[in-house]
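Note sheet for the following structure.
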Amino acid sequence: MSHASPDAARSRIVLASNNPGKLREFAALFSTAGIDIVPQGELGVSEADEPHATFVENALAKARHASRATGLPAVADDSGLCVPALLGAPGVYSARYAQRAGREKSDAANNAYLVEQLREVADRRAYYYCVLALVRHADDPEPLIAEGRWAGEIVDAPRGAHGFGYDPHFFVPALGATAAELDPAAKNAASHRALALKALVARLGEIR
């Protein structure tokens, strides 16, 4: 009679992203629940379209796409930076903020465009927002949904070498640092994605 190795009992969930920063955050938190995160690129899955106007619709579309392509449970996030003074922009277009204005698609271009848009704006309040969607299968009628919000403000000069996206310009008064100045452990304890992930991980028993 054969005996399964301890690793054989570990579940696998496809991450509907190939972003290295996201992969590190997801892998660290899901590992505490005995779950291995596999980026969709390793399984030959292409990026899904994100045509929707809300974070939750985009997250669900990405999760269903990855699950349909692999036959495995899948998790996706749709996250963005929201600036109330800019009517919630960049919002769902955070990754393509500068590109939508005819500029290149890059973190540097996005950050430069954001600072430019806020040049004459006194209210620099902002928040990172994250919605996570986990589907057991592609047509799951009851996906697990979790969300997280991280409050801060936008600063003109970039600070810090960690993180990605808008992190160098996202200052968190409660921590006295930008998101990019936080080491990964500190960010994983405080960020919007961390809050959403912790809420989702707490419910993982529902998919066993």
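Cβ atoms are placed via backbone N, Cα and C, with glycine included.
Using a 10 Å radius centred on the Cβ of Asp78 (active site, proton acceptor) and all shown protein chains, the other Cβ atoms total 26. Taken from Swiss-Prot, the feature active site, proton acceptor applies to Asp78, supported by sequence analysis.
Summarising the annotation, Swiss-Prot assigns substrate binding site to Ser17, Asn18, Asn19, Pro20, Gly21, Lys22, Ser79, Phe164, Gly165, Tyr166, Asp167, Lys187, His192, Arg193. The Cβ of Asp167 (substrate binding site) lies under 8 Å from the Cβ of Gly160, Thr178, Ala179, Ala180, each on the same chain and at least six residues away in sequence. In three-state terms derived from DSSP, Asp167 (substrate binding site) belongs to a helical segment.
Under the heading Mg(2+) binding site, Swiss-Prot lists Asp49, Asp78, citing sequence analysis as support. Just so you know, the Cβ of Asp49 (Mg(2+) binding site) picks up 10 other Cβ atoms within 10 Å once every protein chain is counted.
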Using C-alpha atoms only, work out the spacing between Asn19 (substrate binding site) and Asp78 (active site, proton acceptor) and round it to an integer in Å. 12
Between Gly21 (substrate binding site) and Asp78 (active site, proton acceptor), what C-alpha distance do you get in Å? 14
What's the CA-CA gap between His192 (substrate binding site) and Asp49 (Mg(2+) binding site) in angstrom, rounded? 23
Looking only at DSSP and grouping its letters into three states, which state does Asn19 (substrate binding site) belong to? coil
How many neighbouring Cβ atoms, not counting its own, are there within 10 Å of the Cβ of Asn19 (substrate binding site)? 17
